[in-house]
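Participant: Before I ask anything, let me first share the structure, which is written out below as structure tokens.
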Number of protein chains: 2
Amino acid sequence: MSYKLLKQSKKSKARRGQVKTRRGILETPFFMPIATKASVKSLTFEDLKELEAQIVLSNTYHLMLKPGNKIIKRAGDLHEFMQWDRPILTDSGGFQVFSLSKIRKITEDGVQFRSHIDGSKQFMRPEDSIQIQLDLGSDIIMVLDECVELPAKREYLEKSVDMTTRWAARCKDYFGKSTIRELQGDKAMLFGIVQGGLDKDLRKKSAQGLTAIGFDGYAIGGLSVGESEKDMYEVLDYITDELPKDKPRYLMGVGRPENIINAVKRGVDMFDCVIPTREARHGRLYLWQPAAEKANYDVLANQNRCYRQINIKAEKFAQKFEPINANSRFPVLKKYSKAYLRHLFSVNEPLAIRLATLNNLEFYLNLMKKIRQAI
Amino acid sequence: MSYKLLKQSKKSKARRGQVKTRRGILETPFFMPIATKASVKSLTFEDLKELEAQIVLSNTYHLMLKPGNKIIKRAGDLHEFMQWDRPILTDSGGFQVFSLSKIRKITEDGVQFRSHIDGSKQFMRPEDSIQIQLDLGSDIIMVLDECVELPAKREYLEKSVDMTTRWAARCKDYFGKSTIRELQGDKAMLFGIVQGGLDKDLRKKSAQGLTAIGFDGYAIGGLSVGESEKDMYEVLDYITDELPKDKPRYLMGVGRPENIINAVKRGVDMFDCVIPTREARHGRLYLWQPAAEKANYDVLANQNRCYRQINIKAEKFAQKFEPINANSRFPVLKKYSKAYLRHLFSVNEPLAIRLATLNNLEFYLNLMKKIRQAI
């Protein structure tokens, strides 16, 4: 059993539970900080432990090119390489193939593309993606899927969904053969990815196809790629009902705090997003409103205006000598002032990004804790 | 008494002692990490404490322009602004005026220059430099001096030395009037700066002029600006004898480990240099040779080959899975591998600079500890 339900909300589809991985139990709903290139930008493993991050996400596409999955395998695995002993989820590499490589060709066999680093020709079959993720020692492995750019013609979308399902079956097959030598208790998990754009029938077809194959968890892909929030919520409104209750559901690449809250209410358990770390690099800080700081604040019932975002680079912070965040667990965020952080950004000191990243990830992980408490 | 001699080496002019500041006692010889813009690049105050840094140096020129000394004064002082409660030494701003501002005009009154940031016209008299450093709350304040570019005509150099001495007297006068209201025990220290290029007579004249005025310590300026190491050591060979035995001596902007060792042997007590932090940003790491790791290794007697420098970006480290530094006090340097650090540099992850900076500053501060033990 990969998912254990602990509590089902009576007000919404929100659910609290646990995902059992070979590296320990994950309390859901949870958020995964992104360690694209085997590093959550500017943070160490000590920082991530202090943040109480349960799991991080790494990107297969980036790591297969640099330093290369073979080098990481020689280091032991990605855990050993980046000194992270808690679970790691890796994506399939597909999303970056489609978003970073301009020149690519998709066939039934797999996807041909050119490295965005050196232009070298690469070919990735579904089996290759699984093998690379096995090399990395990932605890949650994603199948290779095609993430179709929207809007797309229904005909193309349907063909794509069917191929993605066939690719998922090949992934499962390869994964099963590769992991058969491992002890059952030590096995990684394999997740399928539901596609189908904004087409309800295709989404359901995708979910049914994947469920028939059977995976340890189900991701909802192809959202938060430019469509409206309303469209995204509409898909979520029906898609979680199509997925097994006893498996975790993962909404890929989402999102802003309100997106996460709304997705939790629609039955999603797992999230990842570049927003907290990327916005940190631009000086945009997430901070709780005073009312939401309270221990038993119900973030699901009162999601509106529970937080604010400030642009610390703004002139108005030049003389704000109050702490960056008086309630942070980090002495550096409790002691350094907003004026100091603003100064660090204005003179391009690298410490600026580190402080802002700590702040935003602490906010996001606290958000998930508040969500779990509220369910 | 600003300097207390604890031990005079019998083998050289090396001496171990203490400098008493209003924020505590500094064990000499010591090295000051550089917090140019109120931040030792990529490090927090927690890191600096863990490094056991006794004191840091900040640059008046940069801080007066950004965020501005008035803003720092409103924060309390530079200690409060950068959350550093141990001593801070500030330079006068003169060196950067001469090195960063292309357009500048020196008169008896002071120096006119244009900001390298926005081109705005600025004027700095010796009194202005002291006032800015008082605004910053510096514990060791430097007089404004002219740092002459070498080679220079003797006539110009002599005029410059004489003016620098008159400027020093004005600084002392202004400093005395400004600090008369403060309690004696809370007073900052004021250091004079010996100039005179490579001219022995001018150097001696400068030292005598400053000694006659009387300062809390004496810096040796205008070295490590392009002259040979031999030339630098020649100046040091005679100049420390011209300075009072009961005051600390500070060699500005020096240097590589062997330069520091050779200067200590010539009677110098204080050092600062961008080398450890700047080289860290380029992936050049300082590491001890195994023999020198031992607790009672005499670094003054065996300075040759006591350390090595590696370029962690080199291809040969791609698969070196050994720790960055197995003997470091930092878990991150003991656990992360050289291969991982090389990877971080190769993909421009900001963590790379932080790890390399911690490594190099730990090396430099250990070097000073080894020097103090060896005397």
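From the backbone N, Cα and C atoms, a Cβ is placed for every residue, glycine too.
No curator has checked TrEMBL annotations; they are predicted automatically.
Small disclaimer: the values here were computed from a predicted structure and weren't measured.
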Participant: Quick test of your reading of TrEMBL: among A:8-14, A:176-182, A:225-231, A:253-259, where does it put region 'RNA binding'?
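Facilitator: Checking TrEMBL against the ranges A:8-14, A:176-182, A:225-231, A:253-259, the region 'RNA binding' one is A:253-259.
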Participant: To which of the residue ranges A:17-21, A:127-131, A:277-281, A:327-331 does TrEMBL assign the term region 'RNA binding'?
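Facilitator: It is A:277-281 that TrEMBL describes as region 'RNA binding'.
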Participant: Looking at TrEMBL, which one out of A:ASP145, A:ASP298 binds substrate in the same site as A:ASP91, A:SER92, A:GLY93, A:GLY94, A:PHE95, A:GLN195, A:GLY222?
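Facilitator: Site partner of A:ASP91, A:SER92, A:GLY93, A:GLY94, A:PHE95, A:GLN195, A:GLY222 for substrate, according to TrEMBL: A:ASP145.
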Participant: Going along the chain, which residues at least six beyond the ends of the region 'RNA binding' (A:277-281) come within the CB cut-off of under 8 Å?
Facilitator: 33-34, 40-41, 309, 353, 356-357, 359-361
Participant: Under DSSP, is A:ASP272 (active site, nucleophile) part of a helix or a strand, or is it coil?
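Facilitator: The three-state answer is strand.
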Participant: Of all the binding-site residues given, A:GLY94, A:GLY222, which has the fewest Cβ neighbours within 10 Å once its own Cβ is left out?
Facilitator: A:GLY94
Participant: Take the region 'RNA binding' (A:277-281) and count its residues per DSSP category (helix H/G/I, strand E/B, coil), listing them in that order.
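Facilitator: Computed counts for the region 'RNA binding' (A:277-281) are 5 helix, 0 strand, 0 coil.
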Participant: Could you check which of the recorded positions A:ASP91, A:GLY93, A:GLY94, A:ASP145, A:GLN195 is the closest Cα neighbour of A:ASP272 (active site, nucleophile)?
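Facilitator: Checked the recorded positions A:ASP91, A:GLY93, A:GLY94, A:ASP145, A:GLN195; minimum Cα distance to A:ASP272 (active site, nucleophile) goes to A:ASP91.
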Participant: Indicate whether A:GLY94 (substrate binding site) is helix, strand or coil by DSSP.
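Facilitator: DSSP call for A:GLY94 (substrate binding site): helix.
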Participant: How far is it from A:GLY222 (substrate binding site) to A:ASP91 (active site, proton acceptor), counting Cα to Cα, in Å?
Facilitator: 13
